[in-house]
Ligand SMILES: Nc1nc2c(ncn2[C@@H]2O[C@H](COP(=O)(O)OP(=O)(O)OP(=O)(O)O)[C@@H](O)[C@H]2O)c(=O)[nH]1
Ligand SMILES: [Mg+2]
């Protein structure tokens with residue numbers, strides 16, 4: 001019976017503000033990503049969670065009944081619960097209770113590949129576990145076996161043992177923070193180099209599974225380092241939640257020699273755990289520092305409006321606000337919508353795999369990041385051939401003529417470059 005998936009009951013509170021149907025659908029997807037089988041859901045209209053039992057008193061009894069009727073192995077709550085809410089609910093229902101945060105942390109733990117991502121997830125998990133050491137029947141979901149219970153069952157442990165566990169976890173957290181700081185130091189150097197490079201920075205952000213990595217790969221394939229020889233390194237893309245956990249930054253060079261940096265980032269989901277956001281802050285700084293955000297939206301998903309809302313909320317949570325943004329409605333092929341199509345200044349509908357879509361997207365990106373570029377005429381004396389060579393390496397000239405003392409070049413420059421070459425402008 002090793003492959004039998006555990007049956008879970010999804011429970012949540014509905015209020016005026018949130019769209020509970022969508023959130024429960026999301027929760028079901030998260031559960032499935034964790035190899036669990038959602039069998040039923042249960043909601044209560046309640047503006048605020050009951051501090052002791054999450055649901056109101058009468059509802060808890062009803063929930064206990066339902067849990068028996070449906071013979072579930074686990075109850076999953078749509079919000080992050082306090083340690084005592086988990087304990088009380090488990091007592092009254094006789095069933096293991098896991099919350100949304102625990103579920104998301106477990107998915108992240110499964111997905112983490114790089115050392116950085118592994119450390120970040122581990123830190124977030126430890127932070128989550130620390131106040132819950134004694135409270136849950138089973139905090140970790142054992143992915144391999146799909147069996148109930150896991151590493152952190154310290155219920156009934158003596159006080160000293162609990163103290164020991166707390167101390168061990170705190171020590172581990174200090175250690176991980178140190179390791180992360182070391183990694184960041186070396187990466188910080190890299191990003192400082194990039195800043196020196198002064199290339200515009202464009203970041204792909206958005207809901208998980210929207211197609212961010214696919215777009216990144218398509219553009220890398222055409223304009224990335226090694227594109228001409230077909231040796232571009234690709235990022236991981238897959239039809240699953242949270243395929244990407246670490247940020248990848250790459251340089252793109254367009255046929256007109258314009259260059260910019262493109263970064264692929266971790267996807268969002270509503271109520272992304274606070275601990276994860278904290279742990280992933282340095283990873284997400286790429287988006288925070290971007291000159292332009294591309295908000296990738298899966299237009300073929302009927303909940304796409306909620307997903308846009310989730311992305312906006314998460315960006316605000318990580319402190320990204322007021323950045324120029326293009327909304328990219330992706331997967332138009334799947335949605336049966338015409339593509340590519342531009343609406344206004346900053347909305348575009350595309351299919352990631354379609355070359356024309358990619359071209360139109362690139363043009364729109366260029367309009368934003370190179371909008372302050374100016375066309376100038378330069379007179380470069382023959383004695384300064386090195387300057388002309390440098391310009392030619394990074395620009396396509398609009399025109400090139402000669403007089404008796406030098407070359408007259410018409411070219412598009414960024415404001416910084418225009419400043420740099422000011423002595424030659426005629
Ligand atoms: N039909 C269709 N499928 C697409 C398109 N773009 C991406 N996909 C598919 O959508 C799935 C998810 O794509 P990813 O690029 O991994 O999505 P992501 O936004 O990077 O997801 P996370 O890393 O989990 O946040 C993959 O199976 C892609 O092949 C598209 O334009 N049309
Ligand atoms: Mg991805």
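The first residue you see is number 1, and the count goes up from there.
Cβ coordinates are placed from backbone N, Cα and C, and glycine is handled just like the others.
If you look up TrEMBL, you'll see 206-213, 264-267, 330-333, 351-353 marked as GTP binding site. Secondary structure at residue 209 (GTP binding site), as computed by DSSP, is coil. Residue 209 (GTP binding site): 24 other CB atoms within 10 A of its CB, across all protein chains.
Per TrEMBL, Mg(2+) binding site is recorded for 213, 244.
Taken as a whole, the domain 'Hflx-type G' (200-369) shows an average pLDDT of 92 in this prediction. TrEMBL lists 200-369 with the feature domain 'Hflx-type G'.
The region 'Disordered' feature in TrEMBL is assigned to 144-165.
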Inter-residue Cα distance where the pair is residue 244 (Mg(2+) binding site) and residue 265 (GTP binding site), in Å: 7
Whole-number Å value for how far residue 333 (GTP binding site) lies from residue 244 (Mg(2+) binding site) (Cα to Cα): 23
Distance-selected binding-site residues near ligand 2 (C-beta under 6 Å), from 206, 209, 265, 330: none
Residue among binding-site residues 244, 265 with least C-beta crowding, 10 angstrom cut-off: 244
Cβ neighbour count (within 10 Å, all chains shown) around residue 206 (GTP binding site): 27
Rounded distance in angstrom between the Cα atoms of residue 353 (GTP binding site) and residue 213 (Mg(2+) binding site): 12
Where residue 330 (GTP binding site) falls in three-state DSSP terms: strand
